Amino acid sequence: ARCQCKIVSRERRNCGYPGITAVACKKLGCCFDASVPDMPWCFSPKPKKVKKFCPTDPHNRKNCGFPGITAKQCERKGCCFKAHPAGVPWCFYHRLVEE
């Protein structure tokens with residue numbers, strides 16, 4: 001995304017090699033901006049921002065625990081816990097969504 005390439009020039013981390021073209025740079029998943037002299041033109045993008053949440057649809061849950069796991073044990077693993085309904089995981093992984 002374009003916003004991932006808005007980086008202060010002095011904070012750019014080189015992502016290419018000398019003489020790399022814009023096309024080759026972008027194929028590597030990097031950003032390209034040749035407008036700033038003496039700074040990397042091909043550089044690493046900012047990491048994507050993600051938001052994590054517990055899925056609301058019980059049938060979209062991915063198991064994160066084991067039979068009989070307690071809420072405290074589940075949360076210590078960094079997972080979501082909801083002890084209902086029957087027949088679906090009660091301890092389950094968060095969903096990640098890009099912001």
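Backbone N, Cα and C atoms are what each Cβ position is placed from, and that goes for glycine too.
Those TrEMBL annotations? Automatic predictions, nothing curated.
TrEMBL annotations:
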- Cys15-Cys30: disulfide bond (DISULFID)
- Cys25-Cys42: disulfide bond (DISULFID)
- Cys54-Cys80: disulfide bond (DISULFID)
- Cys64-Cys79: disulfide bond (DISULFID)
- Cys74-Cys91: disulfide bond (DISULFID)
- 1-46: domain 'P-type' (DOMAIN)
- 52-95: domain 'P-type' (DOMAIN)
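All features noted in TrEMBL, drawn onto the structure.
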{"residue": "Cys15", "record": "disulfide bond", "contacts (Cβ under 8 Å, 6+ apart)": "Cys25, Leu28, Cys30, Cys31, Pro40, Cys42, Phe43, Ser44"}
{"residue": "Cys54", "record": "disulfide bond", "contacts (Cβ under 8 Å, 6+ apart)": "Cys80, Lys82, Phe92, His94, Arg95"}
{"residue": "Cys64", "record": "disulfide bond", "contacts (Cβ under 8 Å, 6+ apart)": "Cys74, Lys77, Cys79, Cys80, Pro89, Cys91, Phe92, Tyr93"}
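For Cys30 (disulfide bond), the Cβ neighbour count at a 10 Å cut-off comes to 21, with all displayed protein chains included.
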